[in-house]
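Q: Take a look at this one; I'll ask things after.
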Amino acid sequence: MEFNFALITTELALFILGLATFVLGLLVPSHSRRGLGSFALLGLLLVLGITIINWSNQGVLLDGMYLVDQYATFFKILCLISAILVVLGSFRYIDKQVGNQFEYYSTVIFTTLGMVVMASAGDFITLYLGLELMTISFVILVAFRSFEAKSLEAGMKYILLAGLSSAVLLYGLSLVYGATGTILIGEVAREIADKGSTPLLIVGVVMLVAGLGFKISAVPFHMWSPDVYEGAPTPVTSFLAVGSKAASFAVLLRLFAGGFGGIQEQWTLLVAVLAALSMLIGNLVAIPQTNIKRMLAYSSIAQAGYIMVGLVSATEAGIKGVMFYAFLYVFATIGAFTVVAIVSNQTNSDEIRDYAGLIQRAPLAASVMLICLLSMAGIPPLAGFVGKFYLFKTVVENHMWLVYLGLIMSMVSVYYYLRVALVMFRDEPKESAPIHVGGAATITLVITMVATIILGIYPGPLAEVANMAAQSFLLK
């Protein structure tokens, strides 16, 4: 069978780009290495263009081990946009924080490669390889500020708990293989349709939920998030909050809506309970936080709960809702964390009280932070409102209690988001000196703000693309 390399141009381009960035970093003089950030950015933009051009290019490789469909391409585009915005927002922060910038940028690229492999994984081996490439790369990024104890502590916590979750996930995959006799996700679906469920299969599914629950920071597998988010470099935190979740939800949908769709009634309640706990605990624990990165960490736990609502239905509408909301979530989250990086770079603090009078010191940053926080709260007419509408609509008939809980928790989130807004807009600044934003960070802020507003007012094109991607789901 002839191998069609055209189907993996995104993966090949990312591998070459990551390798080239690293090798060039070793060859060029240290004073010239800052330009490698621009090189990585241009390369990622090129890869994004290639991926968009190949939107209609679909196929199956390696007898079903690698699936290239519009569903996978959608998540690849999402992960690439995340990487581009993170790199763009990293220039000033990374130049100040670390010396070997080329290692940072090449690791971001290889992290993205792991994510896109996960999006196309059609079997357990490919899934695990992509997951581990992403996880190991994130370990390097989280501990990148090795001269700071907090960053090293975050890296140590992440590698230990990530290793544990990977072990649980791998054991769950082995149990599913033992129950079905295949590692191909499509074949798993057919085996379940023919033979039904077994206790061994159910245990395997539960372990998969636990392993992937760590990656998306779902309760009760969320305990690592606040410490790691706080200790990691802020651009890495934003990438961890959006890229890791996007790739993990791509896998979750493949496995549960595709592979385990035949036993949906046996795992729906489990996922619904985890979604409810994530919304509840994430929002409630965010209220007393005084560190903005920890507050956003708990907020991201709640956001994972909202996205899991779409997984509960596991229908085409649910898949569309997950994809739509994940896309919106990228812009709001990266926009907020970019502001955090800008303020931290100037004040060396992540405390909410140090955002006092930000509207006077950095008007654009304060405005973008407000818009992103309101979007995450689901305030119309911003994008987050539309995304939550699509998600909650999928469970109205069978799980109305999730809709009520989601609406209540969204109102709770308004409290702690507006608390930050009041500090920025009402309180007087401790210092009058303006905060320098920088050209690259300004571009990131403008992109995230404009996308959050436009996708809320005019969501039709994105909804149509998400619908096309959901319909292309190859696992029948």
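Backbone N, Cα and C define each Cβ position, glycine as well.
Among the features that Swiss-Prot reports, transmembrane segment is placed at 8-28, 35-55, 71-91, 102-122, 124-144, 159-179, 239-259, 267-287, 295-315, 322-342, 366-386, 437-457 (among others).
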Q: For the transmembrane segment (239-259), what are the same-chain contacts with Cβ under 8 Å, counting residues 6+ beyond its ends?
A: 71-72, 75, 78-79, 82-83, 86, 108, 111-112, 114-116, 118-119, 121-122, 127, 130-131, 134, 138, 141-142, 185-186, 188-189, 192, 208, 212, 215-217, 228-229, 232, 267, 271, 296-297, 300, 303-304, 307, 311, 314-315, 318-319, 322, 326, 329-330, 333-334, 337, 473, 475
Q: Grab the same-chain neighbours of the transmembrane segment (124-144) for me: Cβ-Cβ under 8 Å, and only residues 6 or more beyond its ends, written as numbers and ranges.
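A: Same-chain contacts beyond the ends: 65-66, 97-98, 103-104, 107-108, 110-111, 113-118, 151-152, 154-156, 158-159, 162, 166, 169-170, 173, 176-177, 183, 185, 215, 228, 231-233, 236, 239-240, 243-244, 247, 251, 254.
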Q: Counting only residues 6 or more past its boundaries, what in the same chain has a CB within less than 8 Å of a CB in the transmembrane segment (71-91)?
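A: Tertiary neighbours of the transmembrane segment (71-91) are 10, 37, 40-41, 44-45, 47-48, 51-52, 54-55, 104-105, 108-109, 111-112, 115-116, 119-120, 235-236, 238-239, 242-243, 246-247, 250, 253, 319, 323, 326-327, 330-331, 334, 337-338, 341, 438, 440-441, 443-444, 447-448, 465-466, 469-470, 472-474.
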Q: Sort out the residues at least 6 away from either end of the transmembrane segment (322-342), same chain, that have Cβ-Cβ distances under 8 Å to it, and list them.
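A: Distant contacts of the transmembrane segment (322-342): 71, 74-75, 78, 81-82, 85-86, 89-90, 92-93, 234-235, 237-238, 241-242, 245-246, 249, 253, 292-293, 296, 300, 303, 306-307, 310-311, 350, 362, 365-366, 368-369, 371-373, 375-376, 383-384, 386-388, 390-391, 435, 437-438, 441, 444-445, 447-449, 451-452, 455, 459, 462-463, 466, 469-470.
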